[in-house]
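Asks: Have a look at this one before I ask anything.
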Amino acid sequence: MKDTLFNQSLNKRFCFDEKVAHVFDDMLERSIPYYYEMLDLGAYFIAQNLKENLNAKPLIYDLGCSTGNFFIALNRQIQQEIELVGIDNSMPMLKKAQEKLKDFNNVRFECMDFLEVEFKEASAFSLLFVLQFVRPMQREVLLKKIYNSLALNGVLLVGEKIMSEDRILDKQMIELYYLYKQNQGYSHNEIAFKREALENVLVPYSLKENIALLESVGFKHVEAVFKWVNFTLLVARKT
């Protein structure tokens, strides 16, 4: 279903309710440059890591899994038996995910606040365009919890919208991103109304800040494997 949610001002903060869930896949594809390519790229690195670590724990968590797109990408690339657990606090999103992945018997979804979940030991975690919605004071706590739950040689994927530390560059990057959204069919009003709804809800860090945060909780190897202007995909390994 086409995203027309912001044809007019919502007069409220953005939240992942039923209206958003109905159009979320279209919103993702038109709002995040190379969205599906990043999912495939992330799935590749997890699949390769599992191949090279034969004793890897057969469990992967996707936190803030929304409509389950990443698990579709993972199931295309992972050959061995693996348990996929998606956690999201939006039941409308999870209903969409369950519909899309009803034919996969290795997928389980839980409607919970992932900040309160006690994770089992896992071979991989993913936070794909999710950390930016976590309150800054809680991000380090969450990442430390993930790090402690990762098996040795496990990986964490972090996809994020980012900002530049240079004020002028940041303004230019945002302007280019808005041009991208216009080319995807969004009007000036839709872009402005969505920006208004996301203010103080989506709080981006710079690339350096995200990498420093990951390193501060224990990750020794953090790599930006993809970047387009103000979007990036990071792979962090626990060694």
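Every residue, even glycine, has its Cβ placed from backbone N, Cα and C.
Predicted, not measured: the structure shown is a model, and the values here were computed from it.
Below are the features listed in Swiss-Prot for this protein:
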BINDING   Tyr35, Gly64, Cys65, Ser66, Asp88, Asn89, Arg195  S-adenosyl-L-methionine binding site
Asks: Looking at the binding-site residues Ser66, Asn89, which sits with the largest number of other Cβ atoms within 10 Å of its Cβ?
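Replies: The residue with the most neighbouring Cβ atoms within 10 Å is Ser66.
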Asks: Once the chains shown are all counted, how many other Cβ atoms turn up within 10 Å of the Cβ of Arg195 (S-adenosyl-L-methionine binding site)?
Replies: 14
Asks: I'd like to know which of these binding-site residues, Tyr35, Cys65, Asp88, is least surrounded, judged by other CB atoms within 10 A.
Replies: Tyr35
Asks: Let's check the environment of Gly64 (S-adenosyl-L-methionine binding site): how many other CB atoms sit within 10 Å of its CB?
Replies: 22
